[in-house]
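Per Swiss-Prot, these features apply:
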{"type": "TRANSMEM", "residues": "8-28", "note": "transmembrane segment"}
{"type": "TRANSMEM", "residues": "35-55", "note": "transmembrane segment"}
{"type": "TRANSMEM", "residues": "84-104", "note": "transmembrane segment"}
{"type": "TRANSMEM", "residues": "107-127", "note": "transmembrane segment"}
{"type": "TRANSMEM", "residues": "132-152", "note": "transmembrane segment"}
{"type": "TRANSMEM", "residues": "162-182", "note": "transmembrane segment"}
{"type": "TRANSMEM", "residues": "208-228", "note": "transmembrane segment"}
{"type": "TRANSMEM", "residues": "229-249", "note": "transmembrane segment"}
{"type": "TRANSMEM", "residues": "263-283", "note": "transmembrane segment"}
């Protein structure tokens, strides 16, 4: 029973989000870590993400049964009653928001609320099922965790927070489109209007390339803005160029599914690498003037 309640929270997604939370938190901490704040932020975000995932499982149970990769989910198989899952999701969310408000700051909590509302209320309930732009809207919620981690420390939404929002939002797009390509038949069977299904895989490849270029530019802004150091810059440039190269090879591939799966796997490597590097190669003297120095 415990295993089922854990599975419905999507532990893999929680873990992936926590890596980005740590990146944002340590970037803002600049080597001076408030451990009680750190713990409250990690647990608070974990609870909110878990809540969102349970709500998503509840909302998607009708389409999950049509998809090969989701047909064995807990709610689809009836291992947890839908009404119970709603109570569970609500309890997780309330606990998470309360912990962020009390243990971090109101800004961190409100950022979590906004990410939650976008994911559950806008993306899961409507956009995912009705619009090709669902992925774009969903990317905003996916970018919330590192921003929450950052703002838990700074207690303000500054240029650094905005850059993190841009990096992680832009990353979500090729990452998600790659999944939609190698899971094309699943999305088609469930009638989910993702870009590769609606516009075609060739169009999706163009979008993937453009978003990776934009992602590359956004990642460099952390150093140009004085928030991260040159070691981070080198890694960011390297993974971005490699990821772009993989995307470009997609135009010549004979097997879109294999190519997309490789692109997806590397997307995880890329964002994890950036999260680690911003955690350890922060700039101790980040200032708005730094960006102007590079520009001029």
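Glycine is no exception: its Cβ is also placed from the backbone N, Cα and C atoms.
Stretch with the most C-beta contacts under 8 angstroms to the transmembrane segment (84-104), considering only 8-28, 35-55, 132-152, 162-182, 229-249: 35-55. Of the two recorded stretches, the transmembrane segment (35-55) does not lie close to the transmembrane segment (229-249), with fewer than three CB pairs under 8 Å once pairs fewer than 6 apart in sequence are set aside. Taking pairs at least six residues apart, the transmembrane segment (162-182) and the transmembrane segment (107-127) share fewer than three Cβ pairs below 8 Å and do not count as touching. Taking pairs at least six residues apart, the transmembrane segment (263-283) and the transmembrane segment (107-127) share fewer than three Cβ pairs below 8 Å and do not count as touching.
Listed as Cβ neighbours of the transmembrane segment (8-28) (distance under 8 Å, sequence separation of 6 or more from its ends, same chain) are residues 38, 41-42, 45-46, 49-50, 53-54, 57, 73-75, 80, 85, 88, 92, 145-154, 160, 164, 168, 222, 227-228, 268, 271-272, 274-276, 278-280, 282. Here the transmembrane segment (132-152) has long-range neighbours at 17-18, 20-25, 27-28, 37, 40-41, 45, 49, 52, 100, 104-105, 107-108, 111-112, 114-116, 118-119, 122-123, 160-161, 164-173, 176-177, 180, 193-195, 198-199, 275, meaning same-chain residues at least 6 beyond its ends whose C-beta is under 8 angstroms from one of its own.
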